[in-house]
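Annotated in Swiss-Prot:
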- 13: site 'Important for substrate specificity' (SITE)
- 75: active site, proton acceptor (ACT_SITE)
- 76: site 'Important for substrate specificity' (SITE)
- 158: site 'Important for substrate specificity' (SITE)
């Protein structure tokens, strides 16, 4: 069956969630530099990255595939006190982030963009997440599991990092990397 959409992401979580929605899709590998600009608020940043990924996907398929097939780009960031927590560079970085989140509330922002050469639409979901207080031992054991290495904010809610979450207000799937309802609504505008 022909793809209904191209997913401009290598994230296994986004692949899993798009599959859950029941869409036929192909994965595109896009290279987008993820550098926060000084003038950007966290919201502007996550939306720009989402759009950049979708537009890079549109450019990638223009010459080789059906250029009218929509491309989905998405990005997720973790924000506490207005500071963006990216993927950790090493254990020290992950520990710094997890200690900052420990016992506190933070935001997870996920932007989803669908693009074709003629049209682009973006939706952003902001979810409030509360963490329990973490011990240094919990942080070390979590790091040793390998799970935090490729995750914004150094945790994955869908894995063992979920044990740190005491409450959420918003979309669980957005925290994972792709809000289901909003993604489905966007795709319906294109299909």
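Backbone N, Cα and C define each Cβ position, glycine as well.
Since the structure is predicted, the reported quantities are computational estimates derived from the model, not experimental observations.
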Could you list the residues of the same chain, at least six apart in sequence, whose Cβ is under 8 A from the Cβ of residue 76 (site 'Important for substrate specificity')?
46, 108, 109, 110, 152, 174, 175, 177
Cα-Cα distance linking residue 13 (site 'Important for substrate specificity') and the residue listed as 'active site, proton acceptor', given in Å to the nearest integer:
12
Cβ atoms near residue 158 (site 'Important for substrate specificity') (within 10 Å, other residues, all chains)
17
Non-local Cβ contacts of residue 13 (site 'Important for substrate specificity') (under 8 Å, 6 or more apart, same chain)?
156, 158, 176, 177, 178
Secondary structure at residue 13 (site 'Important for substrate specificity'), reduced by DSSP to three states
helix
Cβ atoms other than its own within 10 Å of the Cβ of residue 75 (active site, proton acceptor), all chains, total 26
